[in-house]
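Colleague: Heads up, here are the entries from TrEMBL:
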- 15-123: domain 'Cadherin' (DOMAIN)
- 124-231: domain 'Cadherin' (DOMAIN)
- 232-337: domain 'Cadherin' (DOMAIN)
- 338-430: domain 'Cadherin' (DOMAIN)
- 431-532: domain 'Cadherin' (DOMAIN)
- 533-635: domain 'Cadherin' (DOMAIN)
- 720-741: transmembrane segment (TRANSMEM)
Amino acid sequence: RSHAGPRRPWAGPFQLPSYQVSIPENEPAGTAVIVLRAQDPDEGEAGRLEYSMEALFDERSNDYFSINAETGSVVTARSLDRETKDTHVLKVTASDHGSPRRRSATTYLTVTVSDTNDHEPVFEQPEYRESIRENLEVGYEVLTIRATDGDAPANANMLYRLLEPGAGDGVFEIDPRSGVVRTRAPVDREEVSEYHLVVEANDQGKDPGPRSATAMVHITVEDENDNYPQFSEKRYLVQVPEDAPVNSQILQVQATDRDRGSNAQVHYSIVSGNLKGQFYIHSFSGAIDLINPLDYETIREYTLRIKAQDGGRPPLINSSGMVSVQVVDVNDNAPIFVSTPFQATVLENVPLGYSVLHVQAVDADSGENARLEYKLIDTGWITVAAELDRETVENYHFGVEARDHGVPVMTSSASVSITVLDVNDNNPTFTEKVYHLRLNEDAAVGSSVLTLTAVDRDVNSVVTYQITSGNTRNRFAITSQSGGGLITLALPLDYKQERQYVLTVTASDGTRFDTVQVFINVTDANTHRPVFQSSHYTVSVSEDKPIGTSIVAISATDEDTGENARITYILDDNIPQFRIDPDTGTITTLMELDYEDQASYTLAITAHDNGIPQKSDTTYVEILILDANDNAPRFLRDRYQGSVFEDVPLSTSVLQLSLCNAVNCAGVALVVLGADTGQMQPQNQRCCREGKEERGRGTVPLTSLEILCLCQDCSISSNIYFSMSTYILLGYYSFSAWLLVYHGITFYASNGGINHAMSNFLCRCHSIKFTVDLIPYFC
């Protein structure tokens, strides 16, 4: 198994400058290592070679190898041990036998000793001992096991495991690589106090095979105070006569603790139940002594709670120890009634034979000394023998006697009081069978209407009231107060909608009830005022109407009824020309009317009803007086005379005429209009416009009468058109009309009734030939 190094040029007699060889350890002496050969081209003795070998670094290597001087074969001189020396470096020399000078060549041999698994694992300690506390968390590292192996790492790769039996019942585990021993389950000293584990270390060697070794691990579990003292019995029971001597032991309790040492040392004490300090417990032994006298008649049984406490730090306490001390009776007491007097209650409607009260006496003794007998009834029960009625008899009083069966017989007596309790067996009853009342429709909302009362003979009976029918439009409400039912007005009344209500009122105590009817008649109230159809009336009447003429009839309406709706009409102002009928509202004339004196009147009319209080409305009536043609016109002079030069310019004023009637006067101006005989020409073609009119002019023969109309107001609309394109002049000087005489034919145009203090002519202008006489005419 020789291995040559990397090939490179070599000029010497050896093939390589160095050689490397691997030999397993423990091979026997004489094991061939390598054959080294050198080449010498000489012949004879000069070519015969001799080999020698020596250690290069460590002289110990000379003891392990030898070389054949003639062949160059290298063999082991003794068994090799890698753990002693794993590498040997040797210098090999080849010398020839030439003369006069011998020649030599050198190479180097490196022998590596390969490992053989010839060592067993060795533990650091022959055995291990460790102590741990119980109740450690799972996974706690207890200790670390280590083993070593002299072999090479390939033959010293340790694996650890716990061998069975003795693997700790699954409580412990070991890491196979690191050798760390851990807990894998809770440790409880009270279950197992010591563990003995066998740990194996295996080196996993391959040549010739794995080797292993074992070691013992002793783990001691130290105690923790994790156990409570436990009593030997769940409940201790002892009977003690009430005359037992003081300072005598009556019982001994015992508690054990699974812990060790001071953690298991138990101390006892009484926690509760030791009334009046009757008992004493010895702290270490648990013995209970009686230290005060017992009295069966005072306390018949004691329940003691015992505490057991261990000596741990901190201590654990068990307070569940129960001791029942039953005191045995000694006959030394007479019977005694449990109550005097006895008092009971019973409902008045219970059946016959109903048990009302258990009359009982007690005897502090027991057995026959406490068995009692009653004189009234053997059982001690009082029952109902006749029907009860609380409204007739409410309370009963009598006596009862009790005796025991002792010798001598002892008796006692007691009084009994029985109160009969009320049962709801009476209906509420109204004090009246029916109610009648009147209510004005203007009653205020929330005002009281009527209070009803219903009487219930039962005690503590609460009567409530409600309206169950007849409450149209929910006008009324009822509330229960002070034992009565108060009816109040919930919504306003309206006489025109309902004039009577018949309410059914129910009084109830929750179970029983009674009803009554309430008749409420609604009386009308003057809630509405008269209302005219209009706040202003306008009528007209001619001035020539006779006295007593009916001008207009006005009316007002009132939504009330009866006297509240009867309307009377009156004139607010004293105007002697008119009167109004107080019942019909018809306005008539009392005096003759004169348009020329007053053209219109405004009357204030009031209509009031006859309710209490009265309500009214006012309107205004405007009466227009129409004019009648009752006044003739007249000139202010009987004769008018004027003169004019022939060459005066047009529009020169010639003469002014005045014409009057009973109202006012009109002026007619005479002017020069033109010089064309028999021809009338409009000087201004725009004599009429919308809005204000301008003056219209015409021309007539100078020998005729010329008229000039001044048009200033277009409010008059009465224009008359004639055939033949007649030129028309229409005006109004507070007269009724004008007449136009044309060629002997008279035409009439009225003014349309337009009332103006002063109005002027309206003009229409047309070209026409005529001769005209203008005559005012009054209708």
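Numbering starts at 1 and runs along the chain as it is shown here.
The backbone N, Cα and C atoms fix where each Cβ goes, and this holds for glycine too.
Automatic, uncurated: that is what TrEMBL annotation is.
How about a rundown of where these features are and what they're close to?
Modeller: When pLDDT is averaged over the domain 'Cadherin' (338-430), the result is 78.
Helix, strand and coil residue tallies for the domain 'Cadherin' (431-532), in that order: 3 helix, 55 strand, 44 coil [DSSP].
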Colleague: For the domain 'Cadherin' (15-123), DSSP counts of helix, strand and coil?
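Modeller: Output for the domain 'Cadherin' (15-123) reads 9 helix, 49 strand, 51 coil.
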Colleague: According to DSSP, how is the domain 'Cadherin' (124-231) divided among helix, strand and coil residues?
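Modeller: Helix (H, G, I), strand (E, B), coil: 3 helix, 47 strand, 58 coil.
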